[in-house]
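**Student:** So TrEMBL lists these for the protein:
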- 75-109: repeat 'PPR' (REPEAT)
- 110-144: repeat 'PPR' (REPEAT)
- 219-253: repeat 'PPR' (REPEAT)
- 318-352: repeat 'PPR' (REPEAT)
- 533-618: domain 'DYW' (DOMAIN)
Amino acid sequence: MKSLSNYKPKFLPTISTLTLHSLLHIHHQPHPNTPTQSNLPNTHLNEFTAACYNRDLPTAMKALNFMQKTQIWADSVTYSELIKCCLARGAVREGKLVHKHVFSSGYQPKTFLVNTLINMYVKFNLLDDAWKLFDEMPERNVVSWTTMIAAFANAGMRDEALGFLACSGLGILRQIHCIITKVGLDSDVFVRSALIDKYSKWGEVSNALTVFNEMETRDLIVWNSVIGAFAQNSDGDEALELFKRMKRCGFLADQATLTSVLRACTGLALLELGRQVHVHVLKYHRDLILSNALLDMYCKCGSMEDARFEFTRMVNKDVISWSTMIIGLAQNGFSHEAIDMFEEMTSSGTRPNYITIVGVLFACSHAGFVDKGQSYFQSMEKVYGIKPGREHYGCMVDLLGRAGKLNEAVELIHNMEPEPDVVTWRTLLGACRIHRNMDLAAYAAKRVLDLDPDDAGTYILLSNIYVNTHRWEDAEQVRKIMKGNNVRKEPGCSWIEVDKQIHAFVLRDNSHPDIDEITRRLIQYVQRLREVGYVPDTSFVLHDVEGEQMEDPLLYHSEKLAIVYGLMALTKGKTIRIRKNLRICGDCHLFAKLLAQMEGRNIVIRDPIRYHHFQGGFNASLLVNGLMVDHIEQTGVMIENQQKALTDLSKKVEGIICFSD
């Protein structure tokens, strides 16, 4: 590491341009609390300054001693020259005396001088002293951070170096990156890995990838850092691509690699790929982080049979393990089981956290357990010390709204300690639509649009509410505002994994090679379903057309296309698993339920809110009074033998994981 003692503030001329006379008369700084004395001799200050620049350590220290007694201070550049002299002579004791002097009697040296002292301690290999001084700095700059990071990286203390990077903000991080490159520290694998990690935590994955691609040589640590960066920032595709590159370079995956790959599979809802990764996980003595990642993958891919089995096999469980399972059960429609598991968790002595309570309240909301939900909510701070946040209030608004207690829901929103956000008001709006409270719906919609003027779904919902109550002028006014603000509804997209390939479907997108056959079969299925009572629910379409024209957009909703393709492409015993970017509408929910029953197939649809299981024609969530609630008896849910599931899994994939390029 290059010495930082040559650093000079921009506002000072370089030392070489100064005459000895000007150096001797450079402004000295008496302590601000000391009265100015015109007859105070300058002899010792001049002697001190000259000795510092002449590298005369004994004379400089003698003058420093007098200055200490009389509370006279020189300028920062002079002190930096004395520190250089201490470094050249290995004078640790004298260097510490300089440190003591510049901080004595409440005097506050400039950041430049403190950085020079930190660098002195680093050069003397006194890292604890350097760290202590760094911690005491009232103001730090990029030199302060870089000095500490370089010191601990050079000492092989990677975790400590990473810690300093973690504390710096994004702006400082970019400056540190530049200086690290200038001083040659970018060749250090630990520093590179740290930069990738920290850019990732700020969401700057493009910068993280740039740092990675600039490296001439890479090891497994750096590969894990960059794969983890993309997995944690919801870019599973790039994470998997990097994993394939890593394998082609001859590196074998370790537990950290597999954890990141599982997270990528989770984000993309790639169950089959996740199962392949699971086979490789079996080769390791799993740590808790990897076990929790595996559990999360199965929950978020909607395979609760696998999740249950993995959870029961875990020897050690922490609050993340329990919370992952509780939320997974709740989101997949097993609310009773989620609540039972919460009681089991608290009985085991594991204390719930913020996320755990969100999962429990979500379960109560979707099961219709009003009293139980209110009990958990009211006791969470008193019993567990967890202050309710927006997510908890949102679950309670949903719980009360589903139960038709709209006035209580509004009162709760108005009494919220955190300011209600757009999600809270959307939740209330959805309940108003179901219970046909038009005035409250208009109020909730206005609050949503105040916070998010581009929320197309709210315009559509409000317009349809007015149409359903024959308030035609109001409906027309909403449509005019929507058009005038150039608000467009985000197109729905659904995708399904078939033979390790992702097939995406968008409304009226005819790019899929089998779209003609998919459309033909979809029309046939709808005709057959009509014979058993299916009637398209047009309340989910903007009412600017009439009759059968309104049913036409519903027919080609992306999840319907994906379901039909799944029926075509997957064998009879395979579960059809679909992911959707928008919340499933009531019409598609009913369509999936009836089609699963008619065809005897299992369908799982994951939307941004929850998972909808249609198994053998029954759904873990049912429509009751227009609201999706968890089926109390879990009718028709067939749980396969868990040991058999893992055995079958092991037989499916052997050897190393293969990904097609």
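Cβ from N, Cα, C; glycine included.
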**Student:** Please work out the helix, strand and coil residue numbers for the repeat 'PPR' (318-352) from the DSSP assignment.
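**Tutor:** Each residue of the repeat 'PPR' (318-352) counted once, the result is 26 helix, 0 strand, 9 coil.
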**Student:** Go ahead and report the DSSP secondary structure tallies for the repeat 'PPR' (75-109): helix first, then strand, then coil.
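**Tutor:** Split by secondary structure, the repeat 'PPR' (75-109) comes out as 28 helix, 0 strand, 7 coil.
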**Student:** On the 0 to 100 scale, where does the mean pLDDT of the repeat 'PPR' (110-144) fall?
**Tutor:** 92
